[in-house]
């Protein structure tokens, strides 16, 4: 079992290193922070500027059509989301690199201890699969924007359809003409395709980094709990060292939690607010279609799955961190320290520390309650849109 967990952990870590590379972040403390690395996120975000202008024009043109309005709005919100995520990583780049270094080194230290390896690696397979699932949903839903029009044009060419209807990935209206199969059309198709790839890189990267940090913090909490449970098995001298180390690690976790909260607060608040709108838009578009092709079913299903899994992951892992923090405090309280004055002071200080509860901009606690709230809001928005559609 432990060997399988180690294999899962190695695979998970390699996946995270790939993510760090995609975002232009350091994969290890000794990596040089080159100009090329720092430019990656700027390039990815800049790709979405022109398509955003085109989709804004599309929204203005079809402002009275609820179906087209929801279609364009869901894409615009996705673009704004990746820009927000990119900006947060750029602004707090040093904090992200510091989190990688602190949590990575601390986790590896506990992982090298055979007695702590099992609790530290607990649930690694679940976290890895959850990250993969969300990444697959995002990749398929985004790539569908490129694949569907590309296959449509190829199919027309094979069947000898004249003239071929050339389609761009996004429903955009530009302020200039784009002749079919012209050099300008190819440039627009390339730009929108690169935008899709940028959305995949930033979304998969930023969301999975959050999950990874929480996984490492939970592992450290379990290691602290395990050491405190074995408190009475230590000699007095080693017990003092154990308590001091546990106290230092818990303070480090509070420090990391505050950094993580500062980096991700705007992202989480925005995601929880806008994903309800996007999920509502997707459901509404499906309900308004008289006939649905297989490709559209795949697109809408994976798109909704991506948004659903994003909200769930942020809420679930944050709830898991808080629960593990409470278990760690219970383990501290249950340790054999009562009446042992040399250690009582340190343990009381640890117990008086705040639990690891993540908040989004001090507005709401990130938990499964927020996830349920998003689902309720989605249903409410959908019913409201249906009412508007019937009236129009």
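Heads up, residue numbers simply count up from 1 along the chain you see.
In case you wondered, yes, glycine gets a Cβ from its N, Cα and C as well.
Going by TrEMBL, these are the annotated features:
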TRANSMEM  40-59  transmembrane segment
TRANSMEM  66-92  transmembrane segment
TRANSMEM  136-158  transmembrane segment
TRANSMEM  194-215  transmembrane segment
TRANSMEM  267-286  transmembrane segment
TRANSMEM  298-317  transmembrane segment
TRANSMEM  370-389  transmembrane segment
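Here the transmembrane segment (298-317) touches the transmembrane segment (136-158). Their Cβ atoms form 3 or more pairs under 8 Å, with each pair 6 or more residues apart. Note on the transmembrane segment (66-92): residues 23, 25, 41-42, 44-45, 48, 51-52, 55-56, 58-59, 170-171, 195, 198-199, 202-203, 206, 259, 262-264, 266-267, 270-271, 274, 277-278, 280-282, 284-285, 288, 385, 388-389, 392 of its chain, located 6 or more positions outside it, place their CB under 8 angstroms from a CB of the stretch. Across 136-158, 194-215, 267-286, the stretch most heavily in contact with the transmembrane segment (40-59), judged by Cβ pairs under 8 Å, is 194-215. Same-chain neighbours of the transmembrane segment (267-286): 66-67, 70-71, 73-74, 77-78, 80-81, 84-85, 88, 206, 210, 292, 300, 303-304, 307-308, 310-311, 314, 358, 360-361, 363-364, 366, 370, 373-375, 377-378, 381-382, 385-386, 389, counting only residues six or more beyond its ends whose CB sits under 8 Å from a CB of the stretch.
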